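Data first, discussion second: the structure below is written as structure tokens.
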Amino acid sequence: MGKGGQDYGKGENLSGQPTKCEDPFAAWAKDAKECEQKYGVSRDYGLSTEEVEKRRKIYGLNELDKHEGPSIWRLILDQFNDTLVRILLCAAVVSFVLALYDGEEGGEKEITAFVEPLVIFLILIVNAFVGVWQENNAEKALEALKEIQSEHAMVVRDGKKVANLPAKELVPGDIVELRVGDKVPADMRVLSLISSTFRVEQGSLTGESEAVSKTVKAVPEDSEIQGKKCMVFAGTTVVNGSCICLVTQTGMDTEIGKVHSQIHDASQNEEDTPLKKKLNEFGEILTAIIGVICALVWLINLKYFLTWEYVDGWPRNFKFSFEKCTYYFEIAVALAVAAIPEGLPAVITTCLALGTRKMAQKNALVRKLPSVETLGCTTVICSDKTGTLTTNQMSVANLVAIGRSAGSIRKFNVEGTTYSPFDGRIQGWPAGGMDANLQMIAKVAAVCNDSGVEQSGNHFVANGIPTEAALKVMVEKMGLPSVFDLGSSGSDDVLRCCQAWNNSERRIATLEFDRERKSMGVIVTSGSGSKSLLVKGAVENVLERSSFVQLLDGSTVKLDESMKSKILESLENMSKNALRCLGFAYKEDLPEAFATYNGDHDHPAHELLLNPSNYSSIESELIFVGLAGIRDPPRQEVRQAIGDCRAAGIRVIVITGDNRNTAEAICREIGVFGPNEDFSSRSLTGREFMDRPDQKKHLRQSGGLLFSRAEPRHKQDIVRLLREDGDVVAMTGDGVNDAPALKLADIGIAMGIAGTEVAKEASDMVLADDNFSTIVAAIAEGRSIYNNMKAFIRYMISSNIGEVVSIFLTAALGIPEGLIPVQLLWVNLVTDGPPATALGFNPPDKDIMKKSPRRSDDSLINAWILFRYLVIGLYVGIATVGIFIIWYTHDSFFGIELSKDGHTLVSYSQLANWGQCHTWEGFSVSPFTAGSQVFRFDANPCDYFQSGKIKAMTLSLSVLVAIEMFNSLNALSEDVSLLRMPPWVNPWLILAMSVSFGLHFLILYVPVLAQVFGIVPLSLNEWFLVLLVAFPVILIDEVLKFVGRCASRLWRSQEGKLKAE
């Protein structure tokens, strides 16, 4: 090349050379030459090596940023940023210090003293580990995004082509050649087309359902991303043609780089799930309650460890007992342990994990456990169109052929929504076989076609342009005329009919598609040696170049205005339904130059084919044979699913990058809009919506909404506005452009088959079958799981209220401690765990999807439920403390003999003032038996209220366990009586109760475990007493449920009267 071109690429002080701080250059709005000048480059010479290095210092490498996530220590510390966890941590530290103190003071430094703090520490460690593991996966979406970037590019530098240059080395101004199959390495301006057409599949970035034709012509500066026809974007794929491009943006400045930044920003703004917020609020309330009760316990017992005398009206001679102070401090620790449902996190995790298994059976794969619960309160589903509501597989919906006479046409409806040749059939297909007209349509569709279909696992995928693949599937559904020998056509081939047509008509030349004539043609030779031209393209263009029309019997007649009007009328009707229509035609009288042409490059006819300007004249005087309407069809089950959403009070908003007409037609067909509804005010483009001053008001409209031509930032803004307005948003999507909104939504739902890895990694849930109706099933499951979670949360909290009341009464009455922290931990973690988990298997309500979604700020425990559980808790406290007192003060209770073990009875006054035992004259205690053990108190009778309380403690613990088992039956339903909902409706609960009782028997009757927990075996009589004291909890709750039902009926009756008035 000339010297000038070299200097042009090497110039050091080019006025047009961009710098990082300049305003973005709108290359799509500028002429190709102007772009070259701006970037200081020639398309023939490219950049010089020296210039590349200069620009790399300004722009850096062409790769996405690596965002450093929080350090492992930061993640670990974050797990303790929770009120319940902090209370537990304080309780563990204090109990550990007290255990050490008891040992240093000469106390029995046994394993029992350390079980409690060690168990609490273990809970916290496991909780932290799970939390860190979940959060450590958050950045995977960004890693997946990097994988879709191109690795190599063909670049012109220093006047030479450099093949396979690492894509990360590209800089703005580089000249790149793109070919079919290439992944675009950066955002680039198309400078010139090498082929007559150039198409790119960019649906994953823009949401468009078809490959997009690119051009060199500039477009308006304010064009949306889909309208930038002269730009190609990083991460998209070339499906047809080749071209020369100029790199304009690299790395984080590309469109995919912006998506990367949006995903990162969205991941920084993740909020807690509604349930987590409720539990955090509960933790804060619990902290205040524990603080108040601890203060009350200390004030009530202040007289035991701090005494004084009044001298001259003033307190003097203070005496402080550190030992007693420590004892009551231990009671305060026990109170904290009792108040906190330690097993709740484990039970919630187990229930959610079981929920994920149920959802997996329905093809909803949950990646993040809390998503299961959030699904239950979803109020809005923001759905992408392409690939979610539709199959993302182009298919022929209508086929129009010519009838017996010049004025008649035939219309066939083609079933099927996928690339499978076995998916559906053609309705009304002639029983006698294919007539000549249908045979010609099949021949053109099969041979004038560069795409294919192949089987991948259980589904079929397209190779090449989707619309062409759809035509080949149509040919398979049409079948073959009887004259074909199926044996020779490869009957095992997926496209056996297409293969048969291609075997009978050998293709020798291709007239490539171009934007001017909007058609593609192929010249074929038959077995007899005759040549013909087969053409397919835009119906209006093909019709304009047609002079004849082929009738049903194969004869041809002149194409008159009447026939042309009928064909165009059919075209208009199909276009109204957003079908993309292609016309078919052929020609047998080719120019004389093609008579002996066989594809040889030296033949004179080949010279005509090298110049695309000759194609229009070759494709003239055509014989028109028919047309087909193609679309990306809606999934068959979507309409019913959207109806279910409407019944469940869930709004569906469609957000797509596709064009408005196509999107509106699909929305009308699937029921987002009614068939005769005026939805002009509810269908906007993304840009129109962002320009509105009343965005939130628009989003609050009842019924469906549609946003077409939406860019990634539009999707994000819509999700953000909905969440700000209090909605719980589920966002579906499959493309790279959906990832930021998936990350920002309360529930991000990605497609498992058609979805990109970026979308899957940014999501909370993946649909294994890409089916919108699976979301509705998952929401129903989420609602059921949430109802069951409320049941076991209430059950566990009511049990903890009982434990708190028990310890408070113990302290208030001044009797010895009836339950120690390690026993409370055992009950909270192990004994309560199985029934609480089993409540997660409660059968769902039949009308669960007929109710409006619960509000995200819906109270977990309302005033009535709280009152009920305070009553239940009060009984639990009275029962556990009461049986403790009964053992010390009564020899029998309701006819049940208690004195067979030989223990000494004391008065209630003595029990309440046990701390003064050393002042009692003549106080003695007889030995008593418990199992095989004999307890003696000859050396120190007062020890009867310390080590001697082991039997009374065992009775208290057993009553607590039995009451909580019976209370789990109460939790089967919030309002329904056990007479109407008996225990066997949930057999898992009966099994869980058996397991919990079994575990309690284990620690009672295995000596080593009994020693650890400070308990002894019980006799049969004592078990009768335990069940007698525990059973009334069912009767009490039945009465409360009855009162609640009566009040609810009365309230509904009053509300009905008010409405009537």
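Yeah, the Cβs are placed from backbone N, Cα and C, and that goes for glycine too.
The domain 'Cation-transporting P-type ATPase N-terminal' annotation in TrEMBL covers 26-100.
Annotation source TrEMBL lists transmembrane segment at 83-101 (among others).
The transmembrane segment annotation in TrEMBL covers 113-133 (among others).
Residues annotated as transmembrane segment in TrEMBL: 285-306 (among others).
The transmembrane segment annotation in TrEMBL covers 326-354 (among others).
The feature transmembrane segment is assigned by TrEMBL to 860-888 (among others). Long-range neighbours of the transmembrane segment (860-888) within the same chain, counting only residues 6 or more positions beyond its ends whose Cβ lies under 8 Å from a Cβ of the stretch, are 275, 278-279, 282, 790, 793-794, 797-799, 801-806, 808-810, 813, 815-816, 818-819, 898, 903, 905-906, 908, 911, 949, 951-953, 955-956, 959-960, 963-964, 967, 970, 974, 1025-1026, 1029-1030, 1032-1033, 1036-1037, 1040, 1044, 1047.
Long-range contacts of the transmembrane segment (984-1003) within its own chain (CB-CB distance under 8 A, at least 6 residues past either end) are made by residues 826, 830-835, 837-839, 841-843, 958, 961, 965, 968-969, 972, 1009-1010, 1012-1013, 1015. Annotation source TrEMBL lists transmembrane segment at 984-1003 (among others).
Remote same-chain residues near the transmembrane segment (1023-1043) are listed as 868, 871-872, 875-876, 879, 882-883, 886, 893-894, 896, 898, 955, 958-959, 962-963, 965-967, 969-970, 975-978 (criterion: CB distance under 8 Å, separation of at least six residues from the stretch ends). Annotated transmembrane segment per TrEMBL: 1023-1043 (among others), in sequence order.
As a whole-number mean, the pLDDT of the domain 'Cation-transporting P-type ATPase N-terminal' (26-100) in this prediction is 80.
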